[in-house]
Each structure stands twice: as C-alpha cells, then as structure tokens.
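Notes for the one structure printed next.
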Amino acid sequence: MKKIIFMGTPSYATCILKALVENENFKLVALFTQPDKAVGRKQILTPSDTKAFLSQNYPSIPIFTPSSLKDENIIREIKDLNPDFIVVAAYGKILPKAILDLAPCVNLHASLLPKYRGASPIQSAILNKDEKSGVCTMLMEEGLDTGAVLESLECDIKDKNSSEVFELLANLAAKLILSTLLNFDKIIPKKQEESLATLCRKIKKEDGLINLQNARELYQKYLAFTPWPGVFLENGLKFLELELVDELKQNARMGEILELEKESFLLACKQGVLRIKKLQESGKKALDGRTYLNGKRLKSEDSLC
C-alpha cells in the first residue's frame with residue numbers, strides 16, 4: 001500500500017482526493033490545504049473544500065494548513081510522514097525544492113500541457129474557443145507547470161461553461177491519478193515541447209467587464225467566467241444567462257433591443273445577436289429578460305443602455 005500526501009484546496013481537488021482515499025491500493029497519510037478563509041458579508045471563517053470533506057468523512061487523517069511550505073518544521077513533518085508520492089491538485093502554493101526532493105510529486109493540471117500553464121487553464125481554453133481540453137499528470141519541478149507529462153485524458157468542452165468543465169475535468173482527473181500512480185514505474189515521462197508552451201494568468205474580477213462589440217467574444221467570456229466573476233457592463237448590469245443567436249449580423253445598432261420574447265429578449269451587438277435570458281442590476285434581484293424590460297418600460301428598437 002503506497003503512502004500518499006495530498007495537497008489541494010477547491011472542489012476540483014476534492015474529487016481527486018476522494019478517489020485516492022477510497023482506493024485500497026493507497027493510504028492517505030495527510031492533507032495539505034490553504035488556511036481557512038473569511039467568507040461572505042459576515043466574514044465567517046470557512047475551511048477549504050478538501051478540508052471540509054476530509055474532516056467530516058475521515059477525521060483521523062491529519063490536516064495541515066501552513067501559510068508557507070518553506071517552514072523547516074513543515075518540511076520535517078512531510079519527511080517524517082515518509083510518503084511514496086505527493087499528489088498536488090489546485091493547491092495554490094508553490095512547492096520548494098526541499099519538498100520536491102522528498103518523493104515523486106505528481107501534479108494534476110487542467111489542460112493538455114504545454115498549453116495553458118498557470119492559474120486559469122480552463123477559462124483560457126474557453127476564451128480561446130477551444131473545442132477540446134483535458135487533464136494531465138505531470139512530474140513536478142521548480143518551474144511553473146514545466147515538468148514532464150506522465151499521462152493525459154482529453155474531452156470535448158464546446159459550449160460548456162467553466163463550472164461544467166471544472167466538474168468534467170475533476171472526474172477525469174480522479175480516474176487519471178489512479179492510473180498514473182498504479183502504473184508509475186512503467187510510465188515513460190514525456191518532456192514538454194517548450195516551443196508549444198502558453199501561459200495563463202490568474203482571473204480577476206475586472207476580467208468580467210464586457211462591451212457589446214462582438215457577440216461571439218461576449219458569449220465566450222460568459223462561458224469562461226461562469227460562475228465567477230460573471231459578466232457585466234460598465235454600469236454594473238450583470239448578464240446571468242444568455243445564448244448566442246447569431247455571430248455575424250451587423251445591420252442593427254449596438255445595444256438595440258431587437259425582439260421581445262416570452263421570458264427573454266434579443267440584443268444586438270455591433271457584430272452578432274444575443275438572447276438575454278436573465279440579468280441583474282447592481283444591488284437588486286435577478287430578473288428574466290422580459291420582466292427586466294417591462295420594469296424599465298423598454299420595448300423593441302429601444303437601446304438597452
């Protein structure tokens with residue numbers, strides 16, 4: 001039975017953690033995750049998704065929430081646990097060389113490396129209109145997502161939002177980590193092709209700001225930034241649910257309401273047309289498209305804003 005230290009934080013990581021802890025070939029000896037965070041208006045201290053899952057279902061397994069992995073006491077603790085593997089999935093911290101040298105460190109990255117190294121591989125794939133994505137296991141080294149690839153699985157992501165792709169890739173990753181660890185000695189690591197590498201940065205709230213220039217680009221942003229940070233106009237109006245109707249139409253005014261439907265409306269962009277199904281003004285409740293227009297006394301051929 002191989003001893004595993006798992007390092008991960010969000011629900012994507014929990015899916016992988018669950019697969020490992022339930023498999024009889026592995027013994028989870030510790031979880032490392034981000035410290036509890038203050039959440040919401042009341043700033044309630046909330047544990048990470050992985051910590052909540054493990055403490056509720058496997059309370060005897062130790063959980064560590066260090067602010068830094070460079071702490072000598074933490075490094076000694078990991079060394080004393082004597083893991084056969086350290087598995088990392090969306091942990092949120094860089095592993096120092098002192099830890100990388102203790103055991104094979106296997107990272108599960110939510111892209112087909114070397115494409116989309118960095119913090120937002122799923123959102124970046126959607127923004128770039130990729131129809132395929134996937135997940136891979138990688139031997140970690142000091143560089144950011146630069147290690148040799150062990151195995152990968154591919155899937156279709158066309159017209160899926162970030163939330164859906166996260167769930168899809170988490171389930172793939174849970175299968176993949178079992179395969180990689182069980183077959184580790186037989187797998188020949190494949191060095192990444194540096195000339196094909198692309199980088200992606202962390203998503204910020206302001207990335208959700210949109211204009212009505214291009215319907216296709218707005219739609220891809222909507223998919224990429226669901227559920228967070230969402231998409232919103234400069235005046236704070238959020239588009240919560242929308243569909244791409246036409247990506248080429250150009251014979252209407254930008255922002256013109258083209259047609260009212262039962263619970264939605266068609267909106268002209270400079271190029272293309274969107275169906276707006278649900279939207280929300282800042283500080284107000286969400287409304288379906290038709291109800292929102294009725295409340296504003298807006299009709300066909302009027303401008304939305």
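Glycine is treated like the rest: Cβ placed from N, Cα and C.
The (6S)-5,6,7,8-tetrahydrofolate binding site annotation in Swiss-Prot covers Ser111, Leu112, Leu113, Pro114.
Counting only same-chain residues at least 6 apart in sequence, those with a Cβ under 8 Å from the Cβ of Ser111 ((6S)-5,6,7,8-tetrahydrofolate binding site) are Arg117, Pro121, Ile122, Ser124, Ala125, Ser133, Gly134, Val135, Cys136. Listed binding-site residues: Leu112, Leu113; maximum Cβ neighbour count within 10 Å falls on Leu113. Its Cβ placed at the centre, Pro114 ((6S)-5,6,7,8-tetrahydrofolate binding site) has 20 other Cβ atoms within 10 Å.
Other residues of the chain with a Cβ within 8 Å of the Cβ centroid of Ser111, Leu112, Leu113, Pro114, the (6S)-5,6,7,8-tetrahydrofolate site, are His109, Lys115, Tyr116, Arg117, Pro121, Gly134, Cys136, Asp145, Val149, Ser152, Gln192.
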